[in-house]
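S.K.: As listed in Swiss-Prot for this protein:
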| type | residues | note |
| --- | --- | --- |
| MOD_RES | Lys80 | N6-acetyllysine |
Amino acid sequence: MKYQLTALEARVIGCLLEKQVTTPEQYPLSVNGVVTACNQKTNREPVMNLSESEVQEQLDNLVKRHYLRTVSGFGNRVTKYEQRFCNSEFGDLKLSAAEVALITTLLLRGAQTPGELRSRAARMYEFSDMAEVESTLEQLANREDGPFVVRLAREPGKRENRYMHLFSGEVEDQPAVTDMSNAVDGDLQARVEALEIEVAELKQRLDSLLAHLGD
């Protein structure tokens with residue numbers, strides 16, 4: 001495929017896509033903002049602990065590949081970054097809002113079921129029902145300039161197939177290692193995680209507001 005990302009590049013791109021929609025008042029992001037987004041403990045799988053230098057290296061690489069661009073100007077002393085991965089003025093990759101939400105969630109969390117994707121992507125796009133989620137996934141799997149996602153074999157004991165993005169190469173279709181979380185219903189767990197993410201976002205906005213008032 002034309003678009004190939006390493007695991008760290010996928011995390012950076014996913015974070016910028018997410019923040020562009022969920023916290024537009026804080027977008028574009030500074031290096032520190034990208035570090036914080038990459039190392040979030042909510043809506044990230046796996047949870048990472050990247051250093052500023054590691055993130056800066058990814059940002060520099062992605063700028064060279066024209067997947068990001070730097071933004072600076074009057075009154076903007078800190079270099080900030082915005083994504084050009086999709087829906088940019090001169091870019092080839094055009095995605096609908098629903099497709100962006102699903103791709104972003106897959107970049108940030110890896111393989112997931114349609115039910116998990118619907119709950120976890122809700123802050124970026126409100127799917128009307130499961131049929132819309134599944135039809136959007138099928139569109140991404142069958143696009144002429146793709147495919148961008150693939151449906152994986154159903155895991156033992158699971159009701160739904162998982163889907164995975166293909167921006168980091170072919171996916172080894174192997175069941176995940178069983179752990180305690182498998183005992184919890186996937187949809188319910190995803191909803192709880194979505195609420196945790198929303199609380200974290202609200203706390204981040206409150207901290208930012210308090211810091212601004214304190215200046």
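Yeah, the Cβs are placed from backbone N, Cα and C, and that goes for glycine too.
Please situate the listed features within the shown structure.
M.R.: Here the Cβ of Lys80 (N6-acetyllysine) has 18 other Cβ atoms within 10 Å, regardless of which shown protein chain they belong to. Under DSSP, Lys80 (N6-acetyllysine) is assigned to a strand (E or B) in the three-state scheme.
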